[in-house]
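A.B. asks: Sending over a structure as C-alpha cells; questions will come in a sec.
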Amino acid sequence: MERNVIVGQSGGPTAAINSSLAGVYRTAKDRGAKKVYGMLHGVQGLLEEKYIDLADHIKTELDAELLKRTPAAFLGSCRYKLPEIHENRDVYDKIFAILDKLDIEAFIYIGGNDSMDTIKKLSDYAIITGHPTRFIGCPKTIDNDLALTDHTPGYGSAAKYIGTSMKEIIRDGFCLEYEKGIVTIVEVMGRNAGWLTGATALSEGEDCEGPDLIYLPEIPFDLKKFGDKVRKLLEKKTSIVVAVSEGIRTDDGTYVCELGNSIDFVDAFGHKQLSGTASYLASFIAGEIGCKTRAIELSTLQRSASHAASRVDILEAYQVGGAAVKAADEGDSGKMVVLQRLSDDPYQCGTEVKDVHKIANDEKLVPRDWVNKEGTYVTSEFISYVRPLIQGDVSPVMVDGIPRHLYTPKELSHK
Ligand code: F6P
C-alpha cells in the first residue's frame, strides 16, 4: 500500500468487532499504509468529517490486545442508509471529496447486511466516476444472517454467551419450588434469523437438559399451541425454560412483541425495534395458568459479553479484518470477505472474497430442516454447525477484578 486506509464500524456491535478493527490496522500498517483512519460512527460521522488517526490510540502491542478484548464498536457505529445514487449524488460527492482529502486508497467497512449496502453503493459510485479508491466489506453480526459466508464474526461469541447463560438460568429454575411451578421465558436477539435463539440448545449436555422449548422467528408462532405445550410440560416438571427469538411472529405476520404494545421506533433500514416478547409471553402464561413466570431479555448483554468471548471467533474476526485489507491492496473492490469452512473436525476455516451485490440487504435464515417438525427445537445438525464456533477462551486482562478495555476515543464519549 502506498497511501492511506480508512475503516468504519456499522450496525449492531459485537464482542468481536474490535478484533476485526485490530486486524485491519495491523495488516494495513504491515502492508505499508501511511495512515489508518477510523471513521467515528461509520459513514454518518464521516459525512461530518469525524474521524481519528488510529495510531493515536493503538500505540503498543498491549493496546492492540486490549482492543481485541474490548466489546462494542470502538469507533462508534451507525445505522445510516445511503440514498440511491440517482436520488442524491451530492452525498456521494461529499464522501468522495473527504476521501480525496485524506488520500484514501482503501475503504474498509465492518458490518452486517445493511452495512454491505453502503459498500455496494460506494463501490458502484467509484466505478461510475472512475474513482480509484477500493471498497471492501468485512463481515460482522451476532445475527449470523449474512449470505455467502459460512458464519459471521461476532456470532460465535454471542452463541457462547447465550448457551452459557441459558445453562445458568435452567439451573436457577430448579432451586426454588413454587406451588404451580415456574415458567421462565428468555428472549434472544436476531431479528428475522434464529441462529442466536437456536444457540440456547448449546446448554444441553450431560449435566443439563437444555431449554424445554425453542421458538425461532423463521416459523410462525401459535399462541394457543404454546400455552397448551407449557401446561403439559408443567404436569411433569417444576421449572420450564423457553427460549424465544425477539422476532417471532404470528401467522398474520404480527410480531409477538407488538401484541402487547405497538412499536413506535423504526430505524433507517425499516427495522422495527423488537423488545418485550418475553414479557408479553410471561404475562400470557401467568394469565392462562396462574403459575409464577419470569421474563429475561438478554438484550445488549449477548452482544457485548467480551469476558465470555470465543477464541475461534476473536481470531477469525482478526483474520477477516486482515483479509479485507489484503483484498483491497490486491485490487479488489465491491467485495466482502467471507469465511469458508473446510472441515468440522478438526475445525478449519479459510477466507475468500465475494461480490457484495449478492450479499447486501439479504438475510440468511436457519434452514427449515435444522428445526424439528413441530418447530420447537433445533436439530443435531444445527448444534454440529455452531459447536466449533464457540470453542476456546480469550482471557480478559483483569484489573482490580474487572476486565480492562481500551479507552473509548474521547471524541466519541464527550459532546
Ligand atoms: O443487528 C444486530 C442486532 O443486534 C439485532 O439482533 C437486533 O435486533 C438489533 O441489532 C438491535 O439493534 P439496536 O441496538 O439498534 O436496537
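Counting starts with 1 at the first residue shown.
Placed from the backbone N, Cα and C atoms, the Cβ positions cover glycine too.
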A.B. asks: The substrate site in TrEMBL lists THR141, ILE142, ASP143, MET189, GLY190, ARG191. Which one of GLU87, GLU235, GLU246 belongs there according to the record?
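C.D. replies: As annotated by TrEMBL, THR141, ILE142, ASP143, MET189, GLY190, ARG191 share the substrate site with GLU246, chosen from GLU87, GLU235, GLU246.
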A.B. asks: Among ASN113, ASP114, LYS140, please name the recorded positions whose Cβ is nearer than 6 Å to ligand 1.
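C.D. replies: Listed by sequence, the hits amount to none.
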A.B. asks: Looking at the binding-site residues ASN113, MET189, ARG191, GLU246, which has the shortest Cα distance to LYS140 (site 'Important for catalytic activity')?
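C.D. replies: Looking at Cα distances from LYS140 (site 'Important for catalytic activity'), the smallest one goes to ASN113.
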A.B. asks: If I take every residue in the domain 'Phosphofructokinase' (5-327) and average their pLDDT values, what number comes out?
C.D. replies: 96
A.B. asks: If we check Cα distances from MET189 (substrate binding site), which of the recorded positions GLY12, ASN113, ASP114, ASP143 wins as closest?
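C.D. replies: Its closest listed neighbour, by Cα, is ASP143.
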A.B. asks: Spatially, and counting Cα to Cα, which of the recorded positions is closest to GLY190 (substrate binding site)? Options: GLY12, ASN113, ASP114.
C.D. replies: GLY12
A.B. asks: When neighbour density is defined as the number of other C-beta atoms within 10 angstroms of a residue's C-beta, which of the recorded positions ASP114, ASP143, GLU246 has the lowest density?
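C.D. replies: Selected from the recorded positions ASP114, ASP143, GLU246 on minimum Cβ neighbours within 10 Å: ASP114.
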A.B. asks: Nearest to ASP114 (site 'Important for catalytic activity and substrate specificity') in three-dimensional space, by Cα, is which of the binding-site residues GLY12, ILE142, ARG191?
C.D. replies: GLY12
